[in-house]
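Quick look at what Swiss-Prot lists:
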| type | residues | note |
| --- | --- | --- |
| DOMAIN | 1-234 | domain 'Deacetylase sirtuin-type' |
| BINDING | 11-30, 89-92, 176-178, 202-204, ALA220 | NAD(+) binding site |
| ACT_SITE | HIS107 | active site, proton acceptor |
| BINDING | CYS115, CYS118, CYS136, CYS139 | Zn(2+) binding site |
Amino acid sequence: MENLNIVTLTGAGISAESGIPTFRGKDGLWNKFKPEELATPEAFFRNPKLVWEWYDWKRQLIAKAQPNEGHKILTKMEEEFPNFYLITQNVDGLHQRAGSKKVIELHGNIWKVRCVECGNERYEYTTPLPEIPPKCEKCGGLLRPGVVWFGESLPVDALSRAYELSREAHVFIVVGTSGVVYPAAELPFVAKENGAQVIEVNPEETPITKIADMHFKEKASTGLKKVYDYLREKYGSKG
């Protein structure tokens, strides 16, 4: 169905199956820190070396991870349905590594670095980083991770596009997100108010469950397989 708009919102639950921890709780080396103590502009400018050591550790974990079946099913959906879009709260880049092309990153990307002085932004895939904290090759300024920290606004372009897609969605799929981090958590409600069918995939109930037309109470990979089969059966595909 050429004009069927399918929008999917993903959270940490889909990456958990790739072995990426949520970076809360008992993560050994860093468990004495809470993410909200390190992932802030204040923490970064107070101690950029400490914050970068944490991100360097996270980047190394993510580099070893592989996209899982859930990521791959979303890639298949994009290939089959022309108006399929993916909005993610994740910063790990696993959707792109799985082959997804139409990805809107609400919280940035851990593989991006941005200079706090001149604003130059680029991808940096080296792990571990040769220098901590890394410096800008253009001006020598301090580089920061290209992610959204606590207390920062989401990128305006990504957020406005996410709202636009949510308003236009016929089917809105929510996968592995807690439904408590705003403004992302509002998107399924925006879709619902505009007539979309909301499908949730999450082993737990969330604030989104009450508005979901279908809830697959299971992990991302198995739940998404069922959603994929349902969409193909109901709407067919271009092929």
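Each residue, glycine too, has its Cβ placed from N, Cα and C.
Feature map: Swiss-Prot annotations on the structure.
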residue: GLY11; record: NAD(+) binding site; DSSP class: coil
residue: GLY19; record: NAD(+) binding site; DSSP class: coil
residue: GLN89; record: NAD(+) binding site; DSSP class: coil
residue: HIS107; record: active site, proton acceptor; DSSP class: coil
residue: CYS118; record: Zn(2+) binding site; DSSP class: coil
residue: CYS136; record: Zn(2+) binding site; DSSP class: coil
residue: GLY176; record: NAD(+) binding site; DSSP class: coil
residue: PRO203; record: NAD(+) binding site; DSSP class: coil
What is the pLDDT of the domain 'Deacetylase sirtuin-type' (1-234) when averaged and given as a whole number?
93
So if I measure Cβ to Cβ from GLY11 (NAD(+) binding site) and keep only same-chain residues at least 6 apart in sequence, which ones fall under 8 Å?
THR88, GLN89, ASN90, VAL175, GLY176, THR177, SER178, VAL181, ALA184
In whole Å, how far does the CA atom of the residue listed as 'active site, proton acceptor' lie from that of GLY19 (NAD(+) binding site)?
20
Other CB atoms, at most 10 A from the CB of GLN89 (NAD(+) binding site):
21
Of the binding-site residues listed as SER15, GLY19, PRO203, the one whose CA lies nearest the CA of CYS115 (Zn(2+) binding site):
SER15
Spatial separation of CYS139 (Zn(2+) binding site) from SER15 (NAD(+) binding site) - C-alpha basis, Å:
35
